[in-house]
Structure formats: structure tokens, C-alpha cells
Amino acid sequence: MPLKFTEVMEAEITKAIVETASEEWVEYAESDVIVVGAGPSGLTAARYLAEKGLKTLVLERRLSFGGGIGGGGMLFHKVVVEREAKDILDDFGIRYTEHRNFLVADSAEFMAKLAAKAIDAGAKIIHGVSVEDVIFRDDPLGVRGVCIQWSAVEISGLHVDPLFLRSRAVVDATGHDAEVISVAARKIPLEVSVVGERSAYSEVAEREIVEKTGKIVKGLYAAGMAVAAVHNLPRMGPIFGGMLLSGKKVAEIVAEDLKL
């Protein structure tokens, strides 16, 4: 007996997608927190922010999760995490093995569970969206949201005006280029210069990225490798304890600043 599917009308597929997606865009036109970048620090921050009851939107320019996790170390499918971040791995249900002084996790499981736990906590993640600018106010000076564009439009070079999303806080978790802070520093008198990261010194990088995670200006925060770009810190390679701890720390700082 042939398998029978529900009748499918092609136009109804379009309606279902456009109507439900549009409803969510309207809902998230205003959020408590916008996290830019779905890498390790961004996903960690999103999970803990959402758990605190903050309306949290994650925007990722690519069509995947995990930032630099997926490539492991030079395409070997493993990443290293320091024992100091063990509690976060356990909190996300990420399995690991012990290897000398480190914990070693599977890169695919690592990024999948970071994303799943962030979503389960209530964060909304939308792929294929780039942040090309910020919304600001000057009394007092601060960031109040972002200007967004489809990544495909950005890549194509077409001239298409962006749309705007307001938020009480924006977290730059875009990685090595600190893209949100970079554009804000160029266009707003933030007295911040993004000089970029230094060459590798893993121990110092991991420690100082966590120490310097936090607020750049009212409404704008740095997490993960964006911190290295802003503060000219060393890079660290495929070791992710600092990224996890930075994501958790920025969530705590944002929640405190928003009085939650």
C-alpha cells in the first residue's frame, strides 16, 4: 500500500513560511538583547541571557552555527577546553575526554549542543542575516540596536537599504574582526579603536579575553574574539574555554546592567 501524504499545494508552502517568519520578524523588531554571531561565546551568552528571562535574538551571517568550532584544529574534528570551563560543558551536556591538562570535545557535538541549549532556553537564532551598522543615541551616548541586511544581498553587492532592530543591549560576538564594534567606532565618537589581535600566546589570550569581556559603551558589549580585536590581545587557536567563560560573563554583565 503506497504511503499517503497530506495534500500539498505549493502556494500553501510559501504562505506557511512567509506568514510565520514575518510574524517573528515583527515580534523581534524589539528585543532585550541582540547577540551578533552564533559562535561559541555568542551561543553561550544567548543561552544564559534567555534563561534570565531576557528576550534574546541571535543574528548569524552564515547558514550554520559554531563560528570556528566546526573546523576543529586544522580540520581535525576535536577542540580543547580548559578545566576552568568544565561546569559550562556539563551545563550544556557536552561530552568530553580528559587528555593531560585539558578536556577534549568533539567539534560537531560541541557546536550542536551549544546551539540546541540556547534555543531550548528561549533564544531565537536567525541565519543569513548580517549586521551592517548600529542604531545610536547621544544623550547619553550609546547603542540602541542594529541595522540588518540579508547576507546574500551584502555578498552580491546590490544596493538595498537595511531594516532596523531595536534592543536594550547588543553583544558583539562576531569573532576576530569585531564587526559591530568596528563599524560603531568608525561612525560614532566612541573613543574606541579596533586595532586587531596579536600573534598566538594561548595562555595569556584565554585569561585576558575573559578578564576584558564586557561593556564598550552603553548598550554595546564585546565577547569572545571580539574582545581580542578591541584590546589587541593574542590569539589562542582551537582552545575554547575562554570563549565559553567570556560568553557566560557577558550574559551576567548585560543582565546586571539591565537590572535583572
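Cβ coordinates come from backbone N, Cα and C, glycine included.
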Query = Looking at Swiss-Prot, which one out of Val131, Val134, Val195, Val254 binds NAD(+) in the same site as Ser41, Glu60, Arg61, Gly68, His159, Val160, Asp161, Met225?
reply = Val131
Task = Give the distance between the Cα atoms of Asp161 (Fe cation binding site) and Val131 (NAD(+) binding site), rounded to the nearest whole Å.
result = 12
Query = What residue among the binding-site residues Arg61, His176 has the most other CB atoms lying within 10 A of its CB?
reply = Arg61
Remark   = Spacing of the two Cα atoms, Val131 (NAD(+) binding site) and His176 (Fe cation binding site), in whole angstrom, works out to 15
Query = Given the binding-site residues Ser41, Arg61, Val160, which lie within 10 A of His176 (Fe cation binding site) by CA-CA distance?
reply = none
Query = Among the binding-site residues Ser41, Arg61, Val160, Met225, which ones place their C-alpha within 10 angstroms of the C-alpha of Arg235 (glycine binding site)?
reply = Met225
Request  = Identify which of the binding-site residues Val131, Val160 has its Cβ surrounded by the largest number of other Cβ atoms within 10 Å, counting every protein chain shown.
outcome  = Val131
